[in-house]
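> According to Swiss-Prot, the protein has these features:
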{"type": "CARBOHYD", "residues": "Asn86", "note": "N-linked glycosylation site"}
{"type": "CARBOHYD", "residues": "Asn220", "note": "N-linked glycosylation site"}
{"type": "CARBOHYD", "residues": "Asn256", "note": "N-linked glycosylation site"}
{"type": "SIGNAL", "residues": "1-19", "note": "signal peptide"}
Amino acid sequence: MLAWALLYAVLWSLAGVGSQRSSLFNIKGFVYGTVGHPVKIYVKLHQASPVLICMDIDRANKETVDPTYLWTGPNENTLKGNSQINITNTGELVLKDFLEPLSGLYSCMLSYKTIKAETQEETMIKKKYDFLVFAYREPDYSYHMAVRFTTGSCVGRHNDLLFRVLKKILDNLISDLLCHVIEPSYKCHFVKLPERDFLYELFIAFQVNPFAPGWRSLCNRSADCEDITNHNVLKARDRMEEFFRKQAHILHHHFNRTVPAMHFVDHSFQVTRIDNCRPGFGKNEGLHSNCATCCVVCSPGTFSPDVDVTCQICVSVHIYGAKACP
């Protein structure tokens with residue numbers, strides 16, 4: 001039996017009748033430096049960075065004589081190519097399979113010559129470009145939902161039974177997505193509507209979460225597990241919306257004068273997305289305005305031990321992505 005039909009059968013029997021992100025990307029996905037202040041770059045975990053160019057846009061559009069490039073990493077050591085670092089002979093840097101420890105300040109010293117046409121006098125010019133590169137991941141989504149049902153009274157076992165049956169139906173509706181209902185609660189209130197007597201209504205709230213038992217099996221072949229869980233919980237949200245939409249449809253089209261005393265209140269379904277960040281990551285719209293919706297790796301001096309969205313201060317932390325304060 002369909003879930004929406006099952007719920008109405010229960011109601012009737014109970015109550016009866018009644019990527020990368022940066023401020024200086026160009027259309028080719030390159031990021032140029034800026035003299036005087038660092039350019040912030042955000043690289044999704046396990047992905048490759050954009051191409052970092054050891055020049056500003058103005059210099060890149062001019063002839064450059066005898067250029068040399070020297071890249072240094074977050075530890076101020078000279079960078080050399082390896083499995084995670086690719087440096088070209090034209091000064092382009094790409095960071096591959098990006099992880100938290102790769103976050104930090106990357107600097108490039110560009111040296112080149114200017115030559116006077118009349119005298120052939122050479123002058124050495126040096127420019128330094130800084131890039132602040134941060135690992136980020138998408139937040140883990142869950143959804144807070146609220147609905148209302150009419151009831152005949154705020155006392156009696158029918159309200160508890162409806163609450164338990166509704167939770168079970170909703171859990172079954174989304175179980176194949178490895179999502180489940182958590183933190184369910186309800187309160188009974190009496191409501192006065194214009195030109196009507198008092199009504200008793202159950203105000204029901206719950207959260208739809210993508211981490212039901214067994215959810216880790218989804219991540220066996222994917223480094224970006226939150227992409228999978230977020231997709232699943234979005235589908236779960238859509239199923240919930242459709243379920244309660246059908247409740248309203250049944251009420252308006254399948255009942256004439258007699259309706260169950262306990263029934264869904266039309267237009268009462270409300271949904272709000274909740275974002276959580278994995279340990280070692282957090283949100284900071286002021287510091288990371290170009291990646292305001294991202295969970296960005298916690299910088300040195302901060303940490304995040306849980307799924308909160310804020311990196312907390314800890315002066316003894318000297319690494320990116322700290323999950324504890326020593």
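Cβ atoms here come from the backbone N, Cα and C positions, even for glycine.
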> For the glycosylation sites Asn86, Asn220, work out the Cβ neighbour count at 10 Å and name the residue with the minimum.
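With the glycosylation sites Asn86, Asn220, fewest surrounding Cβ atoms within 10 Å: Asn220.
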> Could you round the CA separation between Asn220 (N-linked glycosylation site) and Asn86 (N-linked glycosylation site) to a whole angstrom and send it over?
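Answer for this pair: 28 Å between alpha carbons.
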> Could you tell me which three-state DSSP class Asn86 (N-linked glycosylation site) falls into?
strand
> Taking DSSP three-state, what's Asn220 (N-linked glycosylation site) in: helix, strand or coil?
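The residue in question, Asn220 (N-linked glycosylation site), is coil (DSSP, three-state).
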